[in-house]
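Student: Grabbed the feature section from TrEMBL, which reads as follows:
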- 81-102: transmembrane segment (TRANSMEM)
- 108-131: transmembrane segment (TRANSMEM)
- 143-162: transmembrane segment (TRANSMEM)
- 168-190: transmembrane segment (TRANSMEM)
- 298-318: transmembrane segment (TRANSMEM)
Amino acid sequence: MTETMDAWEFRTRLALAERSVGKDVGDTVLAEVAAHCAESGERPEDAFGLPEDFAETVASERLPAGTPAGNDPDALTTADYVFTVTGVLGWMTFVVGAYLFVAKGLVIDLTAATLVGCTVVATAVATLHGVQVTLHAGSRARAAGCGLATLVAVILAAVAFVEGPDTVIAHVPTPAICAVGLLLPAWALLYNPPTAPTHEELPSEAWLRKLPQLLEGRHALPRARAAELTREASRHVTEAGCEPEEEFGPVTTYARQLAEAEAPRQHWWLRNDVRSAVSTVFLGAFLVNNLYSHGPIWLTVVAALGTYAAAALLTGHLRRRIKRIRRAA
């Protein structure tokens, strides 16, 4: 029972986070689920259905009368987690391939130690980003577990690279490593996972309650401005004598349109994705140069961490931008 409840709760928290349901609301409904299951002896999936269906019900029933959604303008989904990990691994692979091409030539020997070490590094990247997704889902215990797993993976990777066998497994062209490094983030950014979005028309009162919550919580508009825009919408539909859904469309779409209209125009060179891209290129080039010239170890570590952080931010920014474009289309 405990393992089933834990697994169902974790999946439900992820589904609630994807629908921008705040942690307070999530904690409340999951406490109600736990109390019901403890009293009746039922499994949560038998009593409340699949986590995704339950989260959809909570989002439609609890948000209008409950606390506002969280202040995350772009809810983190499980697919975003997978794509972010894939993209970051791609940037890392490209930097390593570029260094090996400069330092070792067109072909390198792939040893057993290198293969094991790279596999464990990939595991460390996945568990490190798992900290973010589990915290977003409201599970500190699982986040701590992911953090511990990351630390263990880093130690094991270091041991594998230093103490692993030097047996040559294959000869690998370095341009192929660079190509893989470019293909991974390209797939992560451009792949469109199949989704089955459901849209249910809201009555006038629920639509007008939902609008300021979306403006304030999801799109980070000031509360006063969100209330003002809602009053304008309410006054307009009252004068027109129609339902808000008929006049403005789905509330999520209209809220996004209002938020985009409120956002100040920004020069392209000040955008976060542009700055992250520039940082990734410069830090990656510095890392390759420092490795090739056998520079100080501490500079290599700093450059590697900086490149990793910039690549992670770049992947996240681009992924969110592509999602917005697809939603608008």
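These residue numbers are counts, starting from 1, taken along the chain as shown.
Every residue gets a Cβ built from N, Cα and C, even glycine.
Owing to the predicted nature of the structure, the values given are computational and were not obtained by experimental measurement.
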Student: Would the transmembrane segment (81-102) and the transmembrane segment (298-318) count as touching if the test is at least 3 Cβ pairs under 8 Å, pairs 6 or more apart?
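Tutor: By the criterion, they touch.
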Student: List, by number or range, the same-chain residues at least 6 past the transmembrane segment (143-162) whose CB is under 8 A from its CB atoms?
Tutor: 113-114, 116-117, 120-121, 123-124, 127-128, 130-131, 134-135
Student: Would you mind listing the long-range same-chain contacts of the transmembrane segment (298-318), meaning Cβ under 8 Å and 6+ residues beyond its ends?
Tutor: 80, 83-84, 87-88, 91-92, 95, 129, 185, 188-189, 272-273, 276-277, 279-280, 283-284, 286-287, 290-291
